[in-house]
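Pulled from TrEMBL, these are the features on record:
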- 40-61: transmembrane segment (TRANSMEM)
- 97-117: transmembrane segment (TRANSMEM)
- 129-151: transmembrane segment (TRANSMEM)
- 157-180: transmembrane segment (TRANSMEM)
- 201-227: transmembrane segment (TRANSMEM)
- 239-257: transmembrane segment (TRANSMEM)
- 269-287: transmembrane segment (TRANSMEM)
- 322-340: transmembrane segment (TRANSMEM)
- 393-413: transmembrane segment (TRANSMEM)
């Protein structure tokens, strides 16, 4: 009897898998807006893909992956950018598998980006495809990803490597824009509360957050000079650290100039402090790709642990490093924030092709056709009069995000031997 009830329960979900985002989440989530629910589902798609890519790098997976036809033809990784012939391809199949998984995700989102060009409202038939038909989307994404594993090696890895670099660079810029938008919203919220009452408390909180960000940036700067530079070398690191430091100082000074304050009354040092801290992360991320180990010590070596391999043991590939973990965390935060953001920043909305009225629609009252009852947890279609964000740009951002996570998980195809 229990099995029959279980089958009936599963059968009741089938219409939801073929229906819209509100139907898909109506049984497990509180009420919300269709525009937000749909973006969260696509973000979940992305997170599942990232999880699968991480599984491809787990120890022991290479024994299964190298059985795939064409992955290790010739036995050596001669077609891999930056990898010399002495590295056996058997230990790099994890990287190649990540490239295939991310290729499937990227092509899925790029296809939807092209399909959703100039969708103006949920009345457009293409909006139904964007907000529904989830079962078919899962099947399509799975088929593209599985099919990617049967692409002949040839120049695929090399070409996709350079495409990934370009896409990842673009996503870093989008990541910076979203970070500035987050800082702007944070600063605006606390300034409003400071003006409404209890100004000393909120002023202290604002000052504390800004001070902590600048303190972390200063500590990072000192550590960079101590561990990533030497008096007789590491010139590139010295130049990058110094230039980025000067740019951060300049940005901080500009943020409090009278002209800037007239144009942006709510701008201040909080935004600059967050950008400064993010710049320190990007500087560190760049220096961790320095081939000279004297100018690029491992994190284990910095904290005093021995990261060398004992004599007589085979060297193995380290699939992760500290920079990759931090990059993965920032990536997840960026994707989730882009899925739930309701920005009132006009400049950011123009850049991300988001409606200026998005925040008003998101926070506004429920529409008249919202029925309370059995479907009280269903999401609301709040885009009948106009979409709150560009469907096409949102998918294109996830396309770039797929390339960014591909490069991050593979250390920009820089293997680390331990």
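From the backbone N, Cα and C atoms, a Cβ is placed for every residue, glycine too.
Keep in mind it's a predicted model, so treat the numbers as computed, not measured.
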Segment proximity, the transmembrane segment (129-151) to the transmembrane segment (40-61), 3 or more C-beta pairs under 8 Å: yes
Contact between the transmembrane segment (393-413) and the transmembrane segment (201-227) (3 or more Cβ pairs under 8 Å, separation 6+): no
Contact check, the transmembrane segment (201-227) vs the transmembrane segment (269-287), 3+ Cβ pairs under 8 Å, seq sep 6+: yes
Stretch of maximal Cβ-Cβ contact with the transmembrane segment (97-117) [cut-off: under 8 Å; candidates 129-151, 239-257, 269-287]: 129-151
